[in-house]
């Protein structure tokens with residue numbers, strides 16, 4: 001088995017200093033996100049200034065628009081337009097993570113990170129294989145026929161360039177990062193390769209980044225909306241006010257984002273709020289800059305920011321400080337395209353460990369009580385919410401309680417599931 005080590009945040013979104021062209025052939029056309037008053041906004045008026053609607057959000061009052069650069073002022077003055085925000089380019093820092101690998105399937109090994117979060121001792125209770133529990137992974141897509149993943153890929157969708165597509169070719173991972181992240185969450189317990197934290201959980205692969213690890217903030221916001229709507233495209237189909245954890249709905253119960261950046265765009269936050277209010281636990285990488293605080297979207301209070309540790313329980317030097325919790329993120333072995341396996345490191349790799357633990361908590365709780373736990377808040381220290389359970393059961397390696405290096409500590413699946421079950 002070939003192993004390659006790469007430092008990956010995986011994907012840090014940098015706010016561009018200028019608007020990104022809508023396409024290479026339309027250098028005078030830019031993409032913007034328009035927050036609107038739906039009662040007053042007329043989408044057809046956009047055509048009158050030479051623009052067109054790329055995507056109309058269902059869950060927030062906003063639209064993605066391609067418009068001539070010299071018409072932005074006119075757009076801002078249209079009835080019903082409340083705010084116009086320029087889209088931001090997303091880039092992968094460092095070399096592309098297409099490292100290749102052999103197709104020979106090795107005998108299964110349990111990666112050190114899976115052991116460190118104490119996942120194997122939970123599998124006799126649950127491996128995450130509860131029909132109402134799905135984890136949406138917003139990333140570069142997935143190798144959907146990888147023998148260590150295929151059985152757990154329940155749905156894939158791409159939102160690249162504002163176009164929603166469920167065609168397999170559009171969902172395919174041409175970078176490797178997404179396949180690696182998904183393997184840490186849900187690689188099968190099948191005697192080959194590796195095994196994930198929750199080896200039975202269903203995965204929604206939401207491709208928001210292209211082969212270069214490049215995408216946009218608007219693509220990510222659309223991806224979050226798709227995770228809420230689910231394969232049937234309808235949030236709260238039965239109208240009972242319950243979305244996550246409802247067997248009549250197919251929204252994800254967990255959203256995992258191994259990406260981040262410095263820009264705080266209001267429409268992205270609005271979509272985060274929609275997911276949080278739907279009862280979805282949102283987990284994101286804190287960042288790889290060694291900065292004193294997390295990047296966005298991890299910095300939002302509704303999101304669990306994840307820092308990275310190495311196998312000696314040291315905080316990785318690259319890991320941004322002030323995470324909510326920490327998890328293994330150095331020398332992480334997982335699945336990779338072409339039926340292979342690779343070793344990567346970054347807060348990107350720490351994040352899926354936490355997402356997998358959350359999936360185990362919710363699966364175990366649902367099996368016993370027929371419902372899922374509320375998400376909770378950053379300050380929770382009770383057994384009544386997912387975040388509270390993560391906090392009180394974490395391995396508190398720094399000063400007692402929360403600290404700026406480890407957060408509440410390193411997540412532990414076994415104690416977390418025990419706490420959830422009472």
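Every residue gets a Cβ built from N, Cα and C, even glycine.
Here Swiss-Prot flags 139 (among others) as active site, charge relay system, drawing on sequence analysis. Other C-beta atoms found within 10 angstroms of the C-beta of residue 139 (active site, charge relay system) number 31, with every protein chain shown included.
A sphere of 10 angstroms centred on the C-beta of residue 177 (active site, charge relay system) encloses 31 other C-beta atoms. The active site, charge relay system annotation in Swiss-Prot covers 177 (among others) and is backed by sequence analysis.
If you look up Swiss-Prot, you'll see 348 (among others) marked as active site, charge relay system. All chains included, 34 other C-beta atoms sit within 10 angstroms of the C-beta of residue 348 (active site, charge relay system).
Per Swiss-Prot, the feature domain 'Peptidase S8' maps to 111-417; the stated evidence is sequence analysis.
Sequence annotations record features per position, and here Swiss-Prot assigns signal peptide to 1-24.
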Local confidence of the domain 'Peptidase S8' (111-417) - pLDDT mean: 97
C-alpha spacing of residue 177 (active site, charge relay system) relative to residue 139 (active site, charge relay system), in angstrom: 7
